Amino acid sequence: MDYIYVVSGLVLLFLGGESVVRGAVGLARRAGVSPLFTGLVIVGFGTSAPEFLVTLQAALTGHHAITVGNILGSNVANLMLILGTAAVIQPVLSRWAVIRRDGVAMVAASAVFVALGLYGEITRALGLAMVVALAGFIGHCYRTERRGEAPPEHATDDGGLARRYLPVGIAFTLVGIAGLVGGSRLLVDGASAIATRAGISEAVIGVTLVAIGTSLPELATAIVAAIRRHPDVALGNALGSNVFNVFGMLGLTAAIVPVQIAPAFLRLDLWLMLAVSVLLIGMLITGHRLARSEGVVLLLAYAGYVALLFSPYSAIT
């Protein structure tokens, strides 16, 4: 039954995230909001909504390892699994405006996450400060787009339904939110039970199964964008989602209930996230793109990382 909960939760999260993005983007367009700003904020929050709901649900029920592991694992998956997949399908070309804005913010978010891990706890005050920092980042994005400095990214196709029919857009959004809420609850309950019964730590489950599950909206966006030969969309969405995950999702969760960060995450995972963040930006700056061969390396490295987590030599206990 626990596995049914997990599978059902993953399906609901994927469908719910897709529905929220479609409905919210359509409604924002109808309201006359800038497509660039809409793409960054709505799609960024939309694809990160599963992470937030799973993170909050886990924190409220005392499963702090899943709370931290989900955000950490999702960020690692965004950089290695999602961008690696996109690059294998279509080389990801980098634009300086994306790197200068989203890339720097993503590295900063990773560094803050490591610092919080060293501190060991995210208090309500720190959580509120992270949310304020995210608001500042969004404001900066809005100003740069008003000046025409930022390239178009995070584009999402809603099929034109919400633009033509307001009730359809509202329905998409509400149904999506319901799916995310239900899916997050099923996934957390199922994953926790599996971890307890199998003797696997909740930290490992959070970094792998839960994190990959809540990253499905980003993965779907990356695959579709790469197939349509718009890999820059995958790049912008992955970088932006990592910023939202740390400052928005983890920060907002901590503002509601303080989050404890286990020392085990400092043995490998937090440092891996920071190292991959810096190396990825370095590759994009020097090579001006993420080639297929580099995408293969990222995917193989991610597979090795996941295998290590489930091995007897796992750094997370």
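Each residue's number is its place along the chain shown, starting with 1.
Cβ atoms here come from the backbone N, Cα and C positions, even for glycine.
These come from TrEMBL:
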DOMAIN    4-139  domain 'Sodium/calcium exchanger membrane region'
TRANSMEM  76-96  transmembrane segment
TRANSMEM  103-119  transmembrane segment
TRANSMEM  125-144  transmembrane segment
TRANSMEM  165-183  transmembrane segment
DOMAIN    170-310  domain 'Sodium/calcium exchanger membrane region'
TRANSMEM  203-227  transmembrane segment
TRANSMEM  239-262  transmembrane segment
TRANSMEM  268-285  transmembrane segment
TRANSMEM  297-316  transmembrane segment
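In terms of C-beta pairs under 8 Å, the stretch of 103-119, 165-183, 203-227, 239-262, 268-285 lying closest in packing to the transmembrane segment (125-144) is 239-262.
In the domain 'Sodium/calcium exchanger membrane region' (170-310), helix, strand and coil residues by DSSP number 121 helix, 4 strand, 16 coil.
The stretch with the most CB contacts under 8 Å to the transmembrane segment (268-285), chosen from 76-96, 165-183, 239-262, is 76-96. Between the transmembrane segment (76-96) and the transmembrane segment (239-262), the number of CB pairs under 8 angstroms, six or more residues apart, is three or more, so the stretches are in contact.
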